[in-house]
Amino acid sequence: MLKNSHEKLKNYINLYFSLYEMQFIPTLGCALIDRGKILVVPLMLGLAAFFSIWYLLVQMETLENIFALTFNVNITISSVQSIVTFLTINVMSKEKLLKALVFFDDIADTKVEHLTKSREKYLTKNLKIAWKIVRLYIIGILSGSLIFMVIGILQTNYTSPLYYRIPGIPSNSIWMRPLNIIVQTVLFYIYSGCIVNMDCLILSYLFYFRGELYAINAIAEMLCNKEENSKEILVTIYTAHRRILHEFSEIYNLLWHFYCQKLFAVSLYLCSGFFVFARINQSISIGVLLQSFIVCQLIILCMPGQLTDNCSEKLRGTLYMNFWYEMKLEDQKNLLMLMIGAQRNIQAKTIGIGRVSVYTLVQVRIYLRVIRVIPLKGVYSFSSHEENFHLRKQTRYA
């Protein structure tokens, strides 16, 4: 069971790198092309950001459609953030992630006394949970995102799902509609897929660490059994815990940058999403749907950090509550050293937030309550802004 669950997540991780680095394209013998394949996805994300910015600065003639404004602002933010996160994961940290995957291969295959059974139980359970979350998140977000494209197609009279028109295509051309619909759909799902799959990639790694910590904790609980050899158990715990701490420290910087980029972008999504509520009678349902998608991503980001931190706390509690006074003096010394090492938590942290946990949801909400004062003042007085916007447009084209 453990090997099957591990193979599913391992194949998903390898598929991520293969798909988003265009490894399925055969080697052509040209160093420039072969090495440049990894930049295809960032270029597509940059193109999506460019089209959205072009719409906001040039093509948008009125602020009447608040949803179009908010949607393209979010696309711009998410595309730029996805480029940065893609380079962080696929260029700067790929070797460390693949090295950690080799470590997960090892713990799934290696037979260690006492530890094998606990891994089979706890690590398998966590990998199954991770696999279910990955599938539900990918299917739910990518299929649910279709709603926004349908809204865009209906509001633009079956012309452009993302509201903008690709620059350079005449409005009277027969290729205008098919090119806009096809290109925008492809770009939309490329950047949506990047957002979702990068979240799922980090989630998978954190659940690996969570499962291994639970397996180590199960071994630590055996110290309460007087019939067990405490020396062998302490050595097993020390070796396994030291290895997992080392592997986590290898990707700690990646997690720091990943959560910094993601949580900053999510905060901007939520801020821009409040514009949709400026006209409550017209767009309340769309606004709630948009914010629901953003909150869902925030939960997916914060949940693994909280669960992993809980495991570290539980392991410390187990080590403190054993029958240490019945051990030999040498074993008591080893236990003390192990308890000191257990003070090092396996938890994700980032700037401005600190420890990523369920409380991060509250922190983001507090930040938004401060920022939200701006759009709530006079419900942002969109009518006066529209008049100024029209005046600038007339001056520009005069």
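Every residue gets a Cβ built from N, Cα and C, even glycine.
The transmembrane segment annotation in TrEMBL covers 38-57 (among others).
Same-chain residues lying 6 or more positions outside the transmembrane segment (69-89) and placing a CB less than 8 Å from one of its CB atoms are 20, 41-42, 45-46, 48-49, 52-53, 55-56, 60, 63, 97, 148, 152, 162-164, 188, 191, 194-195, 198, 201, 254, 257-258, 261-262, 264-265, 268-269, 272-273, 275-276, 290. Sequence annotations record features per position, and here TrEMBL assigns transmembrane segment to 69-89 (among others).
The transmembrane segment annotation in TrEMBL covers 134-154 (among others).
Here TrEMBL flags 186-208 (among others) as transmembrane segment. Beyond the ends of the transmembrane segment (186-208), by six or more residues, the same chain brings 9, 12-13, 16, 20, 41, 44-45, 47-48, 51, 75, 78-79, 82, 85-86, 89, 97, 100, 104, 123, 126-127, 129-130, 133-134, 137-138, 141-142, 145, 149, 161-162, 251, 255, 258, 262, 297, 300-301, 304-305, 307-308, 348 to within a C-beta distance below 8 angstroms of the stretch.
The transmembrane segment annotation in TrEMBL covers 263-280 (among others).
For 286-307 (among others), the entry in TrEMBL reads transmembrane segment. Beyond the ends of the transmembrane segment (286-307), by six or more residues, the same chain brings 67, 70-71, 74, 133, 137, 140-141, 144-145, 147-148, 151, 195, 199, 202-203, 206-207, 210, 259, 262-263, 266, 269-270, 273, 276-277, 347-348, 355-358, 360-361, 364 to within a C-beta distance below 8 angstroms of the stretch.
Non-local neighbours of the transmembrane segment (38-57) in the same chain are 20-22, 68-69, 72-73, 75-76, 79-80, 82-83, 86-87, 90-91, 162-167, 184, 187-188, 190-191, 194; each lies 6+ residues outside the stretch with a CB under 8 Å from one of its CB atoms.
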